[in-house]
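Enquirer: Dumping the structure here so I can ask a few things about it.
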Amino acid sequence: MLHHHCRRNPELQEELQIQAAVAAGDVHTVRKMLEQGYSPNGRDANGWTLLHFSAARGKERCVRVFLEHGADPTVKDLIGGFTALHYAAMHGRARIARLMLESEYRSDIINAKSNDGWTPLHVAAHYGRDSFVRLLLEFKAEVDPLSDKGTTPLQLAIIRERSSCVKILLDHNANIDIQNGFLLRYAVIKSNHSYCRMFLQRGADTNLGRLEDGQTPLHLSALRDDVLCARMLYNYGADTNTRNYEGQTPLAVSISISGSSRPCLDFLQEVTRQPRNLQDLCRIKIRQCIGLQNLKLLDELPIAKVMKDYLKHKFDDI
């Protein structure tokens, strides 16, 4: 049936022929058909061009030929409004992406948004394509673009537990306090102590509360009875007197769960009774004054190594 239909529809026959050539990596046939006038920008029922097809399949040489013959990488498909660069990001095709990013269309595709507002960086972070994330940032992709739901690539990397992508994005100054401190609160809620420590070391604000209820990370630690998170948060400057929208401090939240002795409750009672020592107050203030972007430059400060280690919390028993 298909063969009979193809004989009656030369255009469909050509489309299937060049798609088969791309799938097989037959660059000779691809080039020959293009030179005979076949358009690289024709679209199938899903809105895919041959550039979408070859990028998704990982056919680098075909991508190069299509670009040489006028393929347009700004075209979005009908599935989700994705460009060929989005599909390259999805499959981690960094070399193919470089070809497109080195073209005249770079500025039009590097931050192109899908129907849901996802850029190629969102896609790469979601799928954990760390080399692709590096490539996009090398070409100056916007590091904190917002999707239609207000989500950044860093948030997607956190939610999907793409640790390498998280570190790369933070190294490129992604906003660690996005959505009023979402990242640190998420790490606390998930009891992900390694993420919690990483965000704190990089200067995440310990006292930002959720917009809906005012719960800070320390409140959430109390709710989860997570004494390790509570200790880390306190050491990095969490305020034990901050109140949520119901007027509760973290200690009050902990007591409301159960008045009996528990590790987190005992800890919060202890630190709430005793003021911080001057040394710790100075450390908190110095880190705040240095600022988020400069914390990674602590090693360059003209101070003793023991002081640098102290500012980095290397002596904390957590």
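Positions of Cβ are set from backbone N, Cα and C atoms, glycine also.
OK, Swiss-Prot features for this one:
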type	residues	note
DOMAIN	265-318	domain 'SOCS box'
REPEAT	13-42	repeat 'ANK 1'
REPEAT	46-75	repeat 'ANK 2'
REPEAT	80-109	repeat 'ANK 3'
REPEAT	116-145	repeat 'ANK 4'
REPEAT	149-178	repeat 'ANK 5'
REPEAT	180-208	repeat 'ANK 6'
REPEAT	213-242	repeat 'ANK 7'
Enquirer: Could you count the residues of the repeat 'ANK 3' (80-109) that DSSP puts in helix, in strand and in coil?
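Expert: Split by secondary structure, the repeat 'ANK 3' (80-109) comes out as 20 helix, 0 strand, 10 coil.
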Enquirer: Any residues 6+ beyond the ends of the repeat 'ANK 5' (149-178) with a Cβ under 8 Å from its own?
Expert: 116-117, 119, 121-122, 124-130, 133-134, 137, 143, 184, 186-187, 195, 198-199, 202-205, 208, 292-293, 296
Enquirer: By a Cβ-Cβ criterion of under 8 Å, what residues six or more beyond either terminus of the repeat 'ANK 7' (213-242) are in contact with it?
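Expert: Residues 181, 184-185, 187-189, 191, 193, 196-197, 200, 206-207, 248-251, 253-254, 257, 262-268, 271-272, 280, 284, 287-288, 313, 316, 318.
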Enquirer: Looking only at residues six or more beyond either end of the repeat 'ANK 1' (13-42), which have a C-beta under 8 A from one in the stretch?
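Expert: Beyond its ends, the repeat 'ANK 1' (13-42) has Cβ neighbours at 6-7, 49-51, 53-54, 57, 59, 61-62, 65-66, 69-72, 75.
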